[in-house]
Every structure is written in structure tokens, then in C-alpha cells.
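Colleague: Okay, here's the structure, questions in a sec.
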Amino acid sequence: MGLGRWTIEVVVLTTVFSSLLPVRADEHDHKYTDKEEVVLWMNTVGPYHNRQETYKYFSLPFCVGTKKTISHYHETLGEALQGVELEFSGLDITFKDEVMQATYCDIELDKPKRDAFVYAIKNHYWYQMYIDDLPIWGIVGEADENGEDYYLWTYKKLEIGHNGNRIVDVNLTSEGKVKLVPNTRIPMSYSVKWKKSDVKFEDRFDKYLDPSFFQHRIHWFSIFNSFMMVIFLVGLVSMILMRTLRKDYARYSKEEEMDDMDRDLGDEYGWKQVHGDVFRPSSHPLIFSSLIGSGCQIFSVSFIVIILAMIEDLYTERGSMLSTAIFVYAATSPVNGYFGGSLYAKQGGRRWIKQMFIGAFLIPAMVCGTAFFINFIAMYYHASRAIPFGTMVAVCCICFFVILPLNLVGTILGRNLSGQPNFPCRVNAVPRPIPEKKWFMEPAVIVCLGGILPFGSIFIEMYFIFTSFWAYKIYYVYGFMMLVLVILCIVTVCVTIVCTYFLLNAEDYRWQWTSFLSAASTAVYVYMYSFYYYFFKTKMYGLFQTSFYFGYMAVFSTALGIMCGDRGLHGTSAFVRKIYTNVKID
């Protein structure tokens, strides 16, 4: 019985991880022989201004070619989550064989079919196809100037470039405009022209990139501006803190030489006075530790995926970026358990199994909950974005059979290797009363202001990232993204250190949540910017696209906030430990 159960689990894990790997429709490494079949896959159709609102190509009453249907494309997990719906077109295309204009099917246009095409034309529908993994786009039809008559493009003119035995370029020209009249027969035709091309196979995706957009001067200027901000901020923080701390150390050293009477009459204030409470466990340590562990994991995933994207050009394979992110997230689960479990142990937490479960499922529950809600709307619209049941099962298997066990391993290691509190100061049994202070030193105000500078350092890059995801741009400048990630971390750490120093100087020892939330507040500004982008930079409309946009922007902003909060807390923890280690405490 045990062996059978083990075998079943191995089969499940093998199936799940194989679905994460890029799987191509062809199995010959993009190499063809003369007269070998070249498959034209029909993907999706949808409104131009709503990129995520997509439907199966044959959800419109297009007809299928006469060639024998081949098996459906077996997409990867990333493709399934992104709504890829590849279906065979039925067109007869063979390598290097030209096809003169030929009719491949007829559309019997009754009134319901005409209404479907008219609706698609009114909403600027266009469709996507693939030949040898190269995307092709075409418009469904167009209306006349008065908007009274509607025309369908019926002739697909394909021009395919080849370099040796590989396809390196595909172009589509839509011709044959036919007026939509009910109860008529509309012939659909195609032609194929082959031409030699000097484009190298590894450069065939360059035509889909937009260097003039991503490498514009404003992009370089934003990176330079953020870099100068980092230099200025690090220098300013270092100068202020070193000079101020030097004075504090001198004052505290002088106090050590005083007798008890002089010390009592002296003006005691500042961060030294809370040395007995500064390392007190944070409030709600279970959720706090889970957030820190999740933030470490998100940072690790972001760093690794960006490196892989810089090396492998993941944008050239459908769904490979998402599949890679899921695989890396699952593989880095021990990071979550290690940092979350060790922090929870240091803070005296005893319900470590509960903490491990919360840490393991915090991000997956947030993402899956949002996707589940949007999935209902996608199912109502019959959109291809509706996640299939099999994909849901695969995601659940990843959570329970991969993420949870690896998180458990990380938690055990974290508790045993670095779970013992080793603070430089003893923690008082009774908490010290927090004195009154000026309004701008309150933690709530510090939290609200803490995210402004980090958001300013990534403001321009957010525009390019938003445009690549919500508009028709392929993001490929991952070197810029890596620089922005490093700059964001440095700025976040510097800002939270300054905020924490001011808070401790006001004798308020509630620095742990304050440093986390002040750094995490960057996400609030990002989400506010997403509203501006939606209403002023896009032409999106409809319930589906609106819920999709704001739902997943909330997920993105929350994940970014958790990552920034974790970076801010780790930088501040090192700072706090350093200053209290260098002070003599009675």
C-alpha cells in the first residue's frame, strides 16, 4: 500500500513539473524538410483595446479548412493560465511549396452569424495565429465611414521567410473585403508565398520588439535619475546617521561617567532609553513572520526570474515566463520557511506549524483567490481566460505536493539553525510607556510617507511594465528591470532606516511593523498609479477587462509591497542591531 501511494505521488509530481516546462507544437527543433507539413494554429480573437478579453478563434463563425484535423495542441501550464487556445486551421501548408489563391471553405452567412461578425467588427476584434511559434495578427473586418455596412476580410495572404531549413519570418496581409449580407455564401481563401531571408533564426523575434519605445531617452534618463537618487540618498543617510550617531555615542559615553545623582538630574532621551524594549517581539508575530518569509521568497523569485529572462530570452516561447515563475516560486519555498520560521522562533512563537501553513499558502491563496473570482466572470463571458479544471488541479498539486513540503523543510532548518534569539540587549519584563510625541513622528504618518521615495525611483519603469503587459508590447529589457530592482531595494532600505531612527529617537520601540509597513506602502502608490494608467493611458472597457485589470493589479501591488516590506525590515534590523551592539548597556 505504501509503495502504491508513493508511486501515485511521483506520477502526480512528474506530471505537474512536466507541465511547467515549455512544450512546442512541433518536435523537430524548428527544422523542416522540403514538403514537410507546416501547421497554422488559430489561437484567439478579441477586442483590440482589451488585450486580456480573448475568446477561441472559432467562437466566431469562421469555417475550418478541409485538411484532416490533427490533435489539439497540448499547452503548458503557463499557456493554459494565459488563455492560449491553439486549434488547427485546416489549411494545407507545406515547407517551401507555394499556394496560389485557393478557397479552403465557405461560410453560410445566416442572420445569427452575421450578427456575430457585426458585433466583432464594431468592437474592433482581431485574431491571433501561430506558424512555427511565430505570432501573426489579423483584423476581422471593418465598417464603412457611416457605420451602416460591415465588411469581412476573406483572403489570408501569407508570406513566409525561410533561412535554410528554418522559418524566420511570417507576414499576413488581409484582402478580399466582402460585405456582410444575410443568407449568402462567403468563400474564405488563402495563399502562401515562400521567400529566402537573411534573418538569423536566433534573431527572428527582433521584429516584434520595439527598441524605439523601450530604449527611448526617457528610459535611460529614468535609470540615471534613479541611480543618482540612490547615490544622494545613501550619502545623505550615511552622513546624517554617522554624525548623529557619533554625537549620541559621545553623549551616552559621558553619561556612563556620571554618578547616579547626575544621571537622574540629566536630560535623558533618545534611542538608548528604549534598549530594554527595542528587541521585544512584534505584535501579531505569527502573521508578521509569515509576511517576512513570503517577502524573502518573492524577492528571490524576482531576482532569479529576471536573471533567467536576461540569459534565455523567455519572451520567445509562449507562456514560458509564467511557467518559469511558477517553477521558481515552488523551488524557492524553503526560503519562505527558513526566514519566516526562524523569525517566528526568535520571537518566541510556539504555534510553528500554523505559521508554516500560513507562510506557505499566503501568496498562493491571494493569487488563486483573485483568479477564482475573475474566473467566474471569464466563464460568464465564455472567454479563453477561463482556467480549465485540469489546470486548477495542477496548481493545487503544486501547492500541496511541492510548496508545502519544501516550506516545511525550510521551517525546520530555520528554527534549528537560526531560531535562537541572540539580541545584544536584554528585554525588560514590563514594557516601557511610550511618551507623547509630535504628530509627524507617529508610526501612521511615517508609514504613509515611507513609500514615496521608493515609488519615485520606479515610477518610469512602472509605465513601461504596465504598457508591456496591458498593451501590445513585448518587454525584453530585463537589464533595466534588474537595475530598477536593485535601486528599489537600496532606496527602500535607506528610507526605512531613517524612519526607524527617528521613531526610536522619539522613544517609540514599535519599529518592526513600522519599518515593514513604511516600506510596503510603496505598493499603495503603485496601485494608485494603476488607476491613473487605466483611465488616462488605455481604452479598456467592460466588466471583464476592468475586473481583470484591477484584480491582478491588486495582486501585483500586494506582492510588491510584501517584498519591499521584507527588504526594509531586513535592512533596518541590521541597523538596529548594529547601533545597540556598540552601546554599553547596564
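Note: Cβ is positioned from N, Cα and C throughout, glycine not excepted.
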Colleague: Which range is it, out of 116-138, 323-345, that shows up in TrEMBL as transmembrane segment?
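Modeller: Range annotated as transmembrane segment by TrEMBL: 323-345.
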Colleague: Under 8 angstroms, Cβ to Cβ: which one of 323-345, 387-409, 444-466, 478-504 has the largest number of such pairs with the transmembrane segment (286-311)?
Modeller: 323-345
Colleague: Which residues, given as numbers and ranges, are at least 6 beyond the ends of the transmembrane segment (516-536) yet have a Cβ under 8 Å from it?
Modeller: 288, 291-292, 443, 446-452, 454-455, 458-459, 462-463, 466, 470, 488, 492, 495-496, 499, 546, 549-550, 553-554, 556-558, 560-562, 564-569
Colleague: Report, as numbers and ranges, every residue of the chain located at least six residues beyond the transmembrane segment (548-569) whose Cβ falls under 8 Å of a Cβ in that stretch; write 'none' if there are none.
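Modeller: Distal contacts: 52-53, 291-292, 294-296, 298-299, 302, 363, 366-367, 370, 373-374, 377-378, 385, 450-451, 454, 470, 488-489, 492-493, 495-496, 512, 515-524, 526-527, 530, 534, 540.
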Colleague: Could you tell me what the rest of the chain brings near the transmembrane segment (357-381), counting residues at least six beyond its ends with Cβ under 8 Å?
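Modeller: Sequence-remote neighbours of the transmembrane segment (357-381) are 53, 55, 286-287, 289-291, 293-294, 297-298, 329, 333, 336-337, 340-341, 387, 395, 399, 403-404, 407-408, 411, 543-544, 547-548, 551-552, 554-555, 558-559, 562.
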Colleague: Determine which residues of the chain contact the transmembrane segment (478-504) at the Cβ level, with the cut-off under 8 Å and only residues 6 or more beyond its ends counted.
Modeller: 214, 219, 223, 226-227, 229-230, 233-234, 237, 240-241, 244, 270-271, 274, 278, 299, 302-303, 306-307, 309-310, 441, 443, 446, 449-450, 453-454, 457-458, 461, 464-465, 510-511, 514-515, 518-519, 522, 564, 567-572, 575-576
